[in-house]
Amino acid sequence: MAWLEIVDIVQETYEIILTWRKIFTQIALSLILPLTFIFLAHIEISNLLFGNFFHYLWLLHKNDHDQDLRKFDEFSDLITPKWTFFWLFNISYIVFLFVFSLLSTSAVVYTVACIHTGREISFKQVVSVVPKVWKRLVVTFFCVFASFFAYNLLAIFAFILLLFILLIQYGPYGNVNGSIFVVFFAIYFIGLLYLSVTVQLSSVVSVLEESCGFKAMAKSKALLKGKMLVATIMLLLINASLVIIQQAFLKLVVHGVWFGMVGRGILGIVCLFLLLSFFLWQLVLETVLYFVCKEHHQENIDKSALSNHLQVYLLNGYVPLTGKNVELENLEV
């Protein structure tokens, strides 16, 4: 049953993109393309710098002991500028990734909502709306980040505590059952998956409702009740698709020296197009899932009320819908 729902949601997503391909193409080329290019450039540059780092490290250990100090100085002179560039590039990467992610999310969510209400929508309107909602998305992003940070910090503390208990019980050279660590990491990854699923709709909620930050996360969790299996499978499919594209770029373009410069360039363009399409598909998919969850909980938003809510973005700024107005008509999926 869950697979049938997923197929319907994916089909609805593709129909929306194809029917309104003009405006989605404009959004993709102006906002998602820079995000895609930065993502792939980070893979290429990181691989280049780390490849050189480990190569120099291997050369250092290959030399005899008498030459270690001199070789280490040479190694430091070679790697320090590249290491500095790597960190500066990573900081720039995070900033640009963050900015374009927010811009893309707000643009796509607003566009899909307008399509759902039957409102006339143009790229100029979308661009004018984006600056009015990004602050709410920033708050939500940092709250989501804080939640993942706290979860991982708690997991590290629990792991250290586990090691301490095992050290007391078995001693430093005791024979510890490895299944203990398997169970620990299994629980950790299940918890991480659950947290990832429950915050999946936070960004969409921040754009279309009055909630942002931790309230948007709580709203996302509430909406996904009854659809948790569907959302989990979709999240796994999304992540699997991203990993496949990323690994294809890494194997065929970054390490694919046997294809030659021209072949790698063509494959790079193909990966760029696939990743661009994937990011657009993911954002539309999450917005469609939001409406499906609304229908499931019978939180029907009157299309006219939602349309008026979206119109506020174009007038005097953002005035969120009140709980009384949150009534959405059924989305046919």
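Glycine residues also receive a Cβ, built from the backbone N, Cα and C atoms like all the rest.
Since the structure is predicted, the reported quantities are computational estimates derived from the model, not experimental observations.
If you look up TrEMBL, you'll see 27-50, 91-116, 137-168, 180-208, 229-250, 256-281 marked as transmembrane segment.
Under 8 Å from some Cβ of the transmembrane segment (27-50) lie the Cβ atoms of residues 82-83, 85-86, 89-90, 93, 96-97, 100-101, 103-104, 107-108, 111, 123, 126-127, 246, 249-250, 253-255, 268, 271-272, 275-277, 279-280, all in the same chain and six or more residues away from its ends. Outside the transmembrane segment (229-250), and at least 6 residues removed from its termini, the chain residues within Cβ reach (under 8 Å) are 2-3, 5-6, 9, 40, 43, 47, 193, 196-197, 200, 267-268, 271, 274-275, 278, 282, 285, 289.
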